[in-house]
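Take a look at the structure below.
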Amino acid sequence: PAAMSASVILPDLATQVVVPVAAAVGIAFAVLQWFLVSQVKVTGDGGSAGKGGASESLIEEEEGLNDHNVVLKCAEIQTAISEGATSFLYTEYKYAGGFMTVFAVLIFVFLGSIEGFSTKSQPCHYSVGKTCKPALANAAFSTIAFVLGAVTSLVSGFLGMKIATYANARTTLEARKGVGKAFIVAFRSGAVMGFLLAASGLFVLYIIINVFGIYYGDDWEGLFEAITGYGLGGSSMALFGRVGGGIYTKAADVGADLVGKVERNIPEDDPRNPAVIADNVGDNVGDIAGMGSDLFGSYAESSCAALVVASISSFGINHEFTPMMYPLLISSVGIIACLITTLFATDFFEVKAVDQIEPALKKQLIISTAVMTVGIALVSWLGLPYTFTIFNFGAQKTVHSWQLFLCVAVGLWAGLVIGFITEYYTSNAYSPVQDVADSCRTGAATNVIFGLALGYKSVIIPIFAIAFSIFLSFSLAAMYGVAVAALGMLSTIATGLAIDAYGPISDNAGGIAEMAGMSHRIRERTDALDAAGNTTAAIGKGFAIGSAALVSLALFGAFVSRAGITTVDVLTPNVFIGLLVGAMLPYWFSAMTMKSVGSAALKMVEEVRRQFNTIPGLMEGTAKPDYATCVKISTDASIKEMIPPGALVMLTPLIVGTFFGVETLSGVLAGALVSGVQIAISASNTGGAWDNAKKYIEAGVSDHAKSLGPKGSDCHKAAVIGDTIGDPLKDTSGPSLNILIKLMAVESLVFAPFFATYGGLLFKYI
């Protein structure tokens, strides 16, 4: 097969330059966007009076733009939110850091013990007749990659949170000048996070490959096996970010809503509500830090899965550097494509009215997909030989470069389809959500029934899209095809994250407007930004779940290859019991996370009630509530409650692989993948639909919405109950499930050499 591989147009040196340059451009662009956001001043010096003098003065008179008190109040609230988020993340990362240390030791001991910690070179696992580096080296480098992945994941989440808390008050202040100005600030801030994350994830991976390569030399098989630790590190931190952050945000949200809106009839984000700061902190730690780590994890894992399969295909066997780096080249082009796309929202077209917000965000998805399709075609033409072979469960399969282009493109477009279907089911511009809102006429029970049905129904088309892309990419290029399809879906991650982070930022902006006592018109503008944000957050979750399904299938394929299983036979009892148990795990996991939110919310409700009942003058607005206690309740609950679900996910593959062996483990992984995707999509969309049904009634834009109530009507209260039930579904258990699916698969892959050598203790001795 070596004679077949034709030459590549792009020289190796160019690849060595293109990847880090693209990463640098991404980081530079993020810094530029941050600089533009920082031009909005949040100090009491009337930052905007000087610009454009007369033209803006009319609005200033009307909106009280020169009211320093409002600016100072916004700054004060922003500081409180930022401090709350920072202190929570420090606490969370302290625990995550402890876990990371323990797990790093585990990886080293398990993988090093395969050849009894010997330092002699060993015969290779795939390439017969060659010698590879010892297992001890793999153990050491896997551990280093794991730690680097974990640190990158934490840092990307933390920076995202910092940027979001930096931008929220600035969005509120810009909303005084008009909805377009506020939209640009929120969107730019989201872009800062998107580009930082995409570029740093790519850059760190690139450095690891080159630095590890110094030691590994020609042993690419060992090199890329060690790099899988990077994906494991990224996702294991994402698990804590998602679960911890999700429990935090929803305990505060549910507590604030139940007492504030339903019992006391005060509006959302009212400063009299003691849980209001905790609620706004939660948006940042759950939706921003959690989401950032999550998508970083997906990105790292799909790259690792592709690289592992490529290292035992003709690229790796013949040491062809440029085609080997194909996954990184796709991501590099993705950063550039997203950069062009972002300019469309911020510079080429301006958002002027409320009804242009959602279309502007949707256009981002379409433009980035279209530009990226051209980008993939270029990379596939320049960076791949015309024919090559791909490892396919023990055999080599001949593939052409245009077939790989199709694999990546089908993933990319499937992502777009999932995004739009999610939007159709969760945006209040379409009939599904309007039907849910309409069902509130007869109370909360019908609202819940309609909402659940909507969630289940919204699974159908995304699953067909995922199934189609798996079938096509697998038929064309085996497991490598599936891995690059996942990368295709994630190649526009910078834009996806930008529109996703936009949601919590505008949500916070609305909260700050309410707390600072700004006028009704400004609150209407921030609500419009927020309603669009709810939909984009749902689209982001759809992307995350769809890519998780593809990623974990690719990792599953790499695991099966590495563990030396040629076929996974459902008819053998070992595998079938694995399937059953695997399919049960997402339910067990969801039960844990839902109950955690419920019990934390219960504590929160009691505390909020206690404050309303015991602090004199709180309802009248003469006394200040004790925000700090509520923040502490959320922090303590989420730290304590994130341990059991985390342990469930991290320990399952270790226990199953060690005691029941690789066949049963392959069953568990397949079962968890198949059932987890369904629950994740339905939970996210049900929650999103309930939230937007409530927003639809509150906004009262159409005659239908007006007939359902103003705020405080029975109909609106029924909608609030639905929204409250949906909160843990859409922000805790739903999004955490995609991490469960990926994490178990990548962990199995990292520990595959150990399981293949020592696994299945129970079956050996029975």
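Just so you know, glycine gets a Cβ as well, placed from its N, Cα and C.
Annotation comment: TrEMBL describes 17-37 (among others) as transmembrane segment. Long-range contacts of the transmembrane segment (17-37) within its own chain (CB-CB distance under 8 A, at least 6 residues past either end) are made by residues 10, 163, 166-167, 170, 185, 188-189, 191-196, 198-200, 202-203, 206, 325, 328-329, 331-333, 335-336, 339, 342, 494.
Annotated transmembrane segment per TrEMBL: 95-114 (among others), in sequence order. Distant neighbours of the transmembrane segment (95-114): 135-136, 138-140, 142-143, 146-147, 150, 154, 229, 232-233, 236-237, 240-241, 639, 642-643, 646, 650, 654, 750-751, 753-754, 757-758; these residues of the same chain sit at least 6 beyond its ends, with a Cβ under 8 Å from one of its Cβ atoms.
According to TrEMBL, the transmembrane segment annotation covers 134-161 (among others). Panel annotation: around the transmembrane segment (134-161), residues 85-86, 89, 93, 96, 100, 103-104, 107-112, 114-115, 117-122, 193, 196-197, 200-201, 204, 208, 212, 215-216, 222-223, 225-238, 241, 284-285, 288-293, 296-297, 300, 501, 750, 753 of the same chain, lying at least six beyond its termini, place a Cβ under 8 Å from a Cβ of the stretch.
Residues 19-20, 22-27, 29-31, 33-34, 36-37, 40, 145, 148-149, 152, 155-156, 159-160, 163-164, 166-167, 170-172, 174-175, 223, 227, 230, 234, 288, 292, 295-296, 299-300, 303, 307, 325, 328, 331-332, 334-335, 338-339, 342, 345-346, 350-351, 357, 360-361, 493-502, 505-506, 509, 525-526, 529, 533 of the same chain, all 6+ positions outside the transmembrane segment (182-209), place their C-beta atoms under 8 angstroms from a C-beta of that stretch. Here TrEMBL flags 182-209 (among others) as transmembrane segment.
Per TrEMBL, transmembrane segment is recorded for 324-345 (among others). Long-range contacts of the transmembrane segment (324-345) within the same chain, counting only residues at least 6 positions beyond its ends with a Cβ under 8 Å from a Cβ of the stretch, are 15, 18-19, 21-23, 25-26, 29, 33, 184, 187, 191, 194-195, 198-199, 201-202, 205-206, 209, 220, 299, 302-303, 306-307, 310-311, 315-316, 351, 360-361, 363-364, 367-368, 371-372, 375-376, 378-380, 383-384, 404, 408, 483-484, 487-488, 490-495, 498.
Residues or ranges marked as transmembrane segment in TrEMBL: 365-382 (among others).
Beyond the transmembrane segment (402-426), the same-chain residues lying 6 or more positions past its ends with a Cβ under 8 Å from any Cβ of the stretch are 326, 330, 362, 365-366, 369, 372-373, 376-377, 380-381, 384, 432-433, 454-455, 457-458, 461-462, 465-466, 468-469, 472-473, 476-477, 480-482, 484-492, 496, 534-535, 538-539, 541-543, 545-547, 550, 684-685, 688-689, 692. Annotation source TrEMBL lists transmembrane segment at 402-426 (among others).
Annotated transmembrane segment per TrEMBL: 447-471 (among others), in sequence order.
If you look up TrEMBL, you'll see 477-499 (among others) marked as transmembrane segment.
If you look up TrEMBL, you'll see 543-565 (among others) marked as transmembrane segment. Distant neighbours of the transmembrane segment (543-565): 125, 225, 228, 231, 291, 294-295, 298, 301-302, 304-306, 308-309, 312, 391, 393-394, 411, 414-415, 418-419, 462, 465-466, 469-470, 478-479, 482-483, 485-486, 489-490, 496, 662-663, 665-666, 669-670, 673, 677, 680-681, 684, 734-735, 737-739, 741-742, 744-746, 748-749, 752-753, 755-756; these residues of the same chain sit at least 6 beyond its ends, with a Cβ under 8 Å from one of its Cβ atoms.
Positions annotated as transmembrane segment by TrEMBL: 571-589 (among others).
For the transmembrane segment (739-763), same-chain residues at least 6 beyond its ends with a Cβ under 8 Å from one of its own Cβ atoms are 107, 110-111, 113-114, 125, 135, 138, 142, 146, 225, 228-229, 231-232, 235-236, 238-239, 242-243, 294, 297-298, 301, 304-305, 308, 548-549, 551-552, 555-556, 558-559, 562-564, 574, 585-586, 589, 649-650, 652-654, 657-665, 668-669, 672-673, 676-677, 680. If you look up TrEMBL, you'll see 739-763 (among others) marked as transmembrane segment.
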Note = Long-range CB partners for the transmembrane segment (571-589) (under 8 A, at least six residues beyond its ends), listed in sequence order, are 645, 648-649, 652, 656, 660-661, 663-676, 679-680, 733, 736-737, 740-741, 744, 763
Request  = Take the transmembrane segment (365-382) and find every residue of the same chain, 6 or more past its ends, with a Cβ under 8 Å from one of its Cβ atoms.
outcome  = 8-10, 326, 329-330, 333-334, 336-338, 340-341, 344, 401-402, 404-405, 408-409, 412-413, 415-416, 419-420, 488, 491-492, 495-496, 499, 539
